[in-house]
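Peer 1: Quick paste from Swiss-Prot:
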- HIS97, HIS99, HIS205: Zn(2+) 1 binding site (BINDING)
- ASP101, HIS102: Zn(2+) 2 binding site (BINDING)
- ASP101: active site, proton donor/acceptor (ACT_SITE)
- 242-271: region 'Disordered' (REGION)
- 242-258: compositional bias 'Low complexity' (COMPBIAS)
Amino acid sequence: MSGGFYSSPFWAGYLETQRSRLPVLPEIDDGLSHCVVRFLGYNPGSMQLQGTNTYLVGTGSTRILIDTGEGAPQWAVSVTRYLEDHDISISHVLLTHWHKDHTGGVADLLAHDPSIIVYKHAPDPGQQAIANGQTFKTQGATLRAVLTPGHAVDHMCFLLEEENALFTGDNVLGHGYSVAEDLETYTASLRLMAGLKCSVGYPGHGDAILNLPQTIARYISQRVAREKKIYAILALHACSCSSRNGGSTSSIGSVSESGDSDEEDNNMKTSRPAMQGLSTAEIGGLVYGESVKNSPTFDSAVGPLLNQVLYMLLEQGKCCDHVSILVIFQKPGFFSIPVI
């Protein structure tokens, strides 16, 4: 996970407590299974946990590597030394997604062996595309690509058929929760992953997941619970405003994140129930506590997270002209909740 929204201070704080209790993982772990060796990426951090996991898969002299870390020199040394010590070569590199902490080591790997073929769902120049359902085989391992966007638009998981195990990338982590670029798509991908019924997960960050079905179920439950809480807050506010106004209508404008009426939009008033919508900050206060509203990380992380859920509700049709609640997005971070 790297870049933009994911690198905000909010997420550093979100995972910091968990990170302090993370188990220590070996730099190289060849005891995960008979055909999977894990190499840490030497990039520990609040978002990367113990570091990015990269996996050497197979049992023969030619194997497949999943992900390449962010480009730490120690990682390249660790991998190439292991290959030389065990007389192993890499035929293919499969990249789970475009984030730099998973793709940054490609150049070092190709410098070691230019014959390696690099695969990514949306390939960069010189790389090959990965199609959903595409199979990659090496001695002792058969990997099937599963398109699972949401955390990233090009996110791929890989199902190891011999073990009924899933390389989960950043969709499901070994500790805590992941984050998403597109919440609705991400939730759909989690459900798709659950349907694969894999027993073990090899995540992009953190320790191996020995109870993958339960972990995915927990991820989905957490997403759904937050969605329901935000929707309930909107519904309660709409009912409360309708009751106070006796069901009457009046002209309203948009509501800014500070809760103030927007003068420009007031010039375009329409006949709506006499209520002012909740601002993103007000919803954040009701969901996470009032102190969140004035947090320096609200604009960088909490607000965008809430807007993800609000847009998802709109896209799902849970907030539309045909039900009692309508969320009208007039500009980013501005919305009203009239009763229809």
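Cβ atoms are placed via backbone N, Cα and C, with glycine included.
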Peer 1: Return the residue, from the listed binding-site residues HIS97, HIS99, HIS102, with the maximum count of other C-beta atoms within 10 angstroms of its C-beta.
Peer 2: HIS102
Peer 1: Would you mind checking how many other C-beta atoms are within 10 angstroms of the C-beta on ASP101 (Zn(2+) 2 binding site)?
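Peer 2: Taking all protein chains shown, ASP101 (Zn(2+) 2 binding site) has 27 Cβ neighbours within 10 Å.
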Peer 1: State the Cα to Cα distance, in Å, between ASP101 (Zn(2+) 2 binding site) and HIS205 (Zn(2+) 1 binding site), rounded to an integer.
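Peer 2: For ASP101 (Zn(2+) 2 binding site) versus HIS205 (Zn(2+) 1 binding site), the Cα atoms are 10 Å apart.
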Peer 1: Applying a 10 Å Cβ distance cut-off over all chains shown, what neighbour count does HIS205 (Zn(2+) 1 binding site) have?
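Peer 2: 30, counting other Cβ atoms within 10 Å of HIS205 (Zn(2+) 1 binding site).
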Peer 1: Taking only the Cα atoms, work out how far HIS205 (Zn(2+) 1 binding site) lies from HIS102 (Zn(2+) 2 binding site), in Å, as a whole number.
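Peer 2: That separation, Cα to Cα, works out to 10 Å.
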Peer 1: Tell me whether HIS205 (Zn(2+) 1 binding site) sits in a helix, a strand or coil according to DSSP.
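Peer 2: Looking at the DSSP assignment, HIS205 (Zn(2+) 1 binding site) belongs to a strand.
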